[in-house]
Amino acid sequence: WLVYHKYVIHISLDESLHHLLGCDYIIWSLNGTLIDLHGDERRRLSGGNLIITSLERDQDSGVYQCTASNTRGTILSQRATLQFAYLESFKMQTRSAVNVREGQGVVLLCGTPLHSGELTFTWVFNEYPHFVQQDSRRFISQETGNLYIAKVEPSDVGNYTCVVNNTITKERVFSSPTPLVLRNDGAMGEYEPKIELHFPDTIPAAKGSTLKLECFALGNPVPKISWRRTSDVSFPNKVKLKNSNAILEIPSFQQEDTGTYECIAENSRGKNAARGRMSFHATPHWLQTMTDKSLSIEENLFWECKANGKPKPSYSWLKNGETLISEGRVQIENGALSISSLNLSDGGMYQCVAENKHGIIYSSAELMVLASAPSFSQNPLSRVLKARSGCDVSLDCRPHASPRAISLWKRGTEILQRSERISLFPNGTLKIANVTKRDGGTYTCIAKNQFGTASTTGRLIITEPTRISQGPSSTEITVGESIVLPCQVTADPALDVAFSWAFNGQPIDFHQDADHFERVGGSFSGDLMIRNIQLNHGGKYVCLIDTDVESLSTDAILVVKGPPSPPDLVVVEEVTDSTAQLSWSPGQDNGSPITGYVIQARTPFTVGWQAVDTVPEVINGNTLTATVVGLNAWVEYEFRVLASNSVGMGEPSPPSTKIRTEDAMPDTAPTDVGGGGGTKSELVITWEELQNGEGFGYIIAFRPVGMVTWTRAVISAPSVTRYVFRNDTIPPFSPFNIKVGAFNNRGEGPFSSIATVFSAEEGRVVYWEDDTKPDTVGKVRITGNYTAVNVSGTGPQSVPVNVTTKKPPPGQPPQNVEWNLIGSQLVLQWDPVIALETESEVTGYIVLYRRHRNNDVYSIITNKTSVELTLDPNDNYVIQIKTLSEGGLGEGSEPIHIYQLSMGARGSRAGRLCTLSLSPLLICALSTLSAS
């Protein structure tokens, strides 16, 4: 350590004393002399550490070392050097003036006072704090402290003061000023460089240190400084040049940085050079250290330690802090120590010391010399030993004894001798080859050395070989089934038998996998039950049988068959207005060959996925392409593929990319053509939306009933489903024939069937409740010609008529509508509707159904909660059920749409999943009925 004298120093135990933590005795020495702490008020021990207060440079400087002792021995710590940083003042005496000629070079000496610790130097010009600025002409050496001026100029004349700073104590001292005076005998002429400041011929550098080389020359003109390596090896990037190249800095010095460095000073009058050789040095560090050893008396010790350093370190050995000498049983050769025929006095703490001129290191270890009678307390023979008949048996005799004991074996009272089947080894092991029942019995090992005798006894039981009586067989099984894989053995009653199972090389965890795996059977049975088998349960099953004396195994392959995995990469390759060509990649067949494929499709108008017609009609398992037929024009489709095998139908593939079929001339007319209502002088016509290609629109035709000529209107917006014709000549509530057709860029399609609607009606009924005031009067428009109306307004009121209203019809629609379609017969069933007290009683039900082709509406009235209808399988239907009561028709059930299977279904979200049967019709319950 380098410290300031005001500090308190705490010198700690180092890691080399780790063997003796909990030491009985610790002493410290300074410069090789023991420190007497008795009565010393400045120095004391704390946990083995030395604490010094009120440090004094004269008394406390030097090399410290700790000696630690306990019952195991003594070792020395690493050495620590304590130095004091200080800086004394300059001797205050007048300095002589330095007389120079202009153009001459000069060196102003600092005369550094006595000090310790790193210093930095600056110079003051004339008055503080005007410091000399360094440049190519002026340089302050941080090695000598001197100020170098390569070429004096008139502006340099003045007083110069050297300022010295101690980086540790932060002290600063000033020298007396040195006057610099110009001579009056004229300027000095030009001359070649003269190197006044250069580095030594040999410079030692420690590994990892930062090395700074200084070089400065006087001359006229001012010399330029450059550097090179005499080996012509270029400087690495880490090298830095500072202060106009006067300083060469090499950080993190390494072996490859060694060599001869040259400083070159040059001007127009010539050049000069200085050289120095960089040598690499490193403190010792360990390559191989000692480890603790426990050896028996009379055994031999060998320790070796190895260290590296520059220069190469030398070795010495210590025992309990004292230097060992190579003589007699103790031999020392470099870093190797050997002691032959150990005795008890050789025990203790040993240290290997490696040292060169740059440092010293210690490696410590303990030698324990053991002397004891034999003991089997740690390694007795097992009380019962079991071995399979016909195998080889080894019995170990491993007593703890120092020195090693001599052993013999007995079977019963008979001392065993070597024979063809019996081997006795030097380490005490007894080996019996090809044992039989006759070898069973009691065996005793007796061990003896000069300190005593001990024995250990065990009983050897010879068992019959274990045999597998029934093992698992390789088999095939279907997903979802269960199976028991047998594993049963015939074993000697003296043996403990344990069963375990492995699946594909990994042990089965019966706790974690309890849903599928269970061990069943008795003490000699380890059957494996597998429940609800899945595809991932296929593989190799191994039954492992372990007894006290042997291990056996038996295995089987379980093949699990299941429906095919989903096909992949469904691609639509070609599309027309009614077909789409598809291709796909097969999925895994899961143990059973794929026998066929089914293609499903969906559109924005369908409920869920529907099977579609294909070419070929039946797609076999080897076919990976097909053409879907019977598609609707100008509809967006997605497709997916399902594979089947002998086990069943697999999961569907991911959907294909959405595609739209090509457009075609409309082949159907809009449906639900109707209308009526509106305001005065209006004819309102409505229909259900239909789309079928680019440039789609509607043609609306209408005429008064009885007239021949049709009035036509064209709407080019495909989403518009309502047309209003306004004309003041239209009489109120007048019947009109109407029909609606569709068109697109391909042409016009057919018109719908002619329907009859009425123009807007006119008329008003005034009503009020009995016994109420006139301000509660209400008004309502009515249908018909019961009110006198003209363009001038409403006529006078009629004579009041008293009427009694009925209760309203039930607000609850029929629920839980179920259907079953067999051929063309549709059977509908629903739950009965119970009216509330404020509602009219249900008197029956009306079933309304409309055909798409001619827009005709049919109805059936029944007082039951079921009905049977006969439908045309080549047409589309919409069906709804309502209640009948004195208050009128009740709320309708959710509409049921019935479509041909190859046509896109229309409607909003589905209330139920679609039910498919062998009929070409699809029945879907929709939660709401939309115009689409």
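Residue 1 is the first one shown; counting continues down the chain.
Yeah, the Cβs are placed from backbone N, Cα and C, and that goes for glycine too.
Curation plays no part in TrEMBL annotations; they are all automatic predictions.
Taken from TrEMBL, the feature domain 'Ig-like' covers 26-83 (among others).
Residues annotated as domain 'Ig-like' in TrEMBL: 88-175 (among others).
Look at TrEMBL and you will find 193-279 (among others) tagged as domain 'Ig-like'.
Annotation source TrEMBL lists domain 'Ig-like' at 284-368 (among others). With DSSP classes pooled into helix, strand and coil, the tally for the domain 'Ig-like' (284-368) is 3 helix, 54 strand, 28 coil.
Per TrEMBL, the feature domain 'Ig-like' maps to 374-463 (among others).
The feature domain 'Ig-like' is assigned by TrEMBL to 465-553 (among others). Mean pLDDT for the domain 'Ig-like' (465-553) in this predicted model: 93.
The domain 'Fibronectin type-III' annotation in TrEMBL covers 563-664 (among others).
With helix defined as DSSP H, G or I and strand as E or B, the domain 'Fibronectin type-III' (669-763) counts 0 helix, 44 strand, 51 coil. Marked as domain 'Fibronectin type-III' by TrEMBL: 669-763 (among others).
The annotation domain 'Fibronectin type-III' is assigned in TrEMBL to 813-904 (among others).
Sequence annotations record features per position, and here TrEMBL assigns region 'Disordered' to 650-678.
Contact between the domain 'Ig-like' (284-368) and the domain 'Ig-like' (26-83) is supported by 3 or more Cβ pairs under 8 Å, counting only residues 6 or more apart in sequence.
Within the domain 'Fibronectin type-III' (813-904), the DSSP-based counts of helix, strand and coil residues read 0 helix, 47 strand, 45 coil. According to DSSP, the domain 'Ig-like' (26-83) comprises 4 helix, 32 strand, 22 coil. DSSP states for the domain 'Ig-like' (465-553), grouped as helix (H, G, I), strand (E, B) and coil, give 3 helix, 42 strand, 44 coil.
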